[in-house]
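Features as listed in Swiss-Prot:
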ACT_SITE  184  active site
ACT_SITE  379  active site
ACT_SITE  441  active site
COMPBIAS  486-497  compositional bias 'Polar residues'
CARBOHYD  120  N-linked glycosylation site
CARBOHYD  430  N-linked glycosylation site
CARBOHYD  438  N-linked glycosylation site
CARBOHYD  490  N-linked glycosylation site
REGION    466-499  region 'Disordered'
REGION    569-597  region 'Disordered'
SIGNAL    1-27  signal peptide
TOPO_DOM  28-513  topological domain 'Lumenal'
TOPO_DOM  535-613  topological domain 'Cytoplasmic'
TRANSMEM  514-534  transmembrane segment
């Protein structure tokens, strides 16, 4: 028979302190700590243009190895029909998402090393933007050098830890429609993160995150389909002539690649297959000039071949290294190596030897989440032919590729933007593919407003309730819903609506938290009251027994029934940001990022790496 052990009255104060302290402390730390991330004055901000609220800093994900992910959050300019958040991650692996923030979809771009200007094509018009340097050690993120991430599952688990803590800090966003976007090797990251979110939601449906879509630009998704596309793309662009001696050399390299894949299937990358692109760049060099592998319309010095692109890198690296910028973004001094666009050490450690390629996750993801794959037509390294090939072979939601009925394929619908041919759209069974003409590996860098129009269409943005002048964007000549706006016509009213909705969301989150804390207080108070009554009655019974010990009258018995309460339930587990401690030694250059021995800079990365200075 089990008995409930009840503490003595003098221990109730201590029990209350121990039980409520972590809960109330976490709630207070969450609300107070959010202010610590507020970016009060980013150096070089333009005097004109919207005033955009920002938060930035580190969140610890692996305390045992001092692993922290750096984030930079920009609040949306307007709320259309609902609140949305786009999470952006760049590729590499090991390349910083500040590329996306400062050169692609963020609200500001660099005019020079000192000054910013407003990006009129920012994806933040109708969505909050959350940029994350992922995995640990990338960009401003940090970790001990012996604890770099090696596998995609490990990366996704750490990202979930980050999101749990981030939403605890900023609960006003945890009911947003969430979209995850990125490019290049993010074609591996994003499906794994999405799967981890969906798995989490199934385990805790009452606190599910509202994942509404994935966007992958020029992604490295399916090696078996994308390696051969190097040669196909070189033929299409006239870089390599079919049947030429150079073509024969490349075909021989491709056969070797295919033998390795056949003998060891299901890997994310193959060193032997990397040689195909490297050989194309070497065979087509003209003196010290070579093709820019991120934009074949351009050239670069050999062996960089695109690593000096885009030109904004000339300003970005020194800007993010400035002390006033580092301080404004709350970057810890423990990031001793400073900001670097791509980390060879992170990329070299991320072997993913036990991870299957993300293409194998897409069929199940497409059952639950819409996916948009978009390709810049002039990118070589993750070119559109490889993406189109993987789609044609992919089986999902009862069909194969874009075949809608036997022998009938979903049409490629012409897309025009402000009177110019922009590309085409193709979609079926929850998958959308967009080819964007006149654009590179980094589509939003080249065509920010078109890329935002693509985003708004995919998210189903409805601007009818805020006014403004929509762009002239048409699919097959039909304008359809007005999705993109250059600026709200009634900015005061729009800003007021935005602010009120933010307040409402924050209030709801606060009410929910307060209700949880009050519930715990009520439970503890009830237990205390019950214990008090039990003690008083027991004292009364003892008094009766002593006073009437010769009187054989009846005696009263008491049975305390109690159901133990979980005072530290997961419902209250919203832990504050752990303190940063420990430094991160400087990282070494990885063998996967070969260098010119006469030049200390990284010169060549694998097919999925982002450009580096």
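Backbone N, Cα and C define each Cβ position, glycine as well.
Remember, predicted model here, so these are calculated numbers, not experimental data.
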Report task. May I ask which of the active-site residues 184, 379, 441 is closest to residue 430 (N-linked glycosylation site) if we compare their C-alpha atoms? Result -> 184
Report summary line: Looking only at the recorded positions 120, 184, 379, residue 441 (active site) has its closest CA neighbour at 379
Report task. Measure from the CA atom of residue 438 (N-linked glycosylation site) to the CA atom of residue 379 (active site) and give the result in Å, rounded to a whole number. Result -> 10
Report task. Restricting to the topological domain 'Lumenal' (28-513), report the mean pLDDT as a whole number. Result -> 92
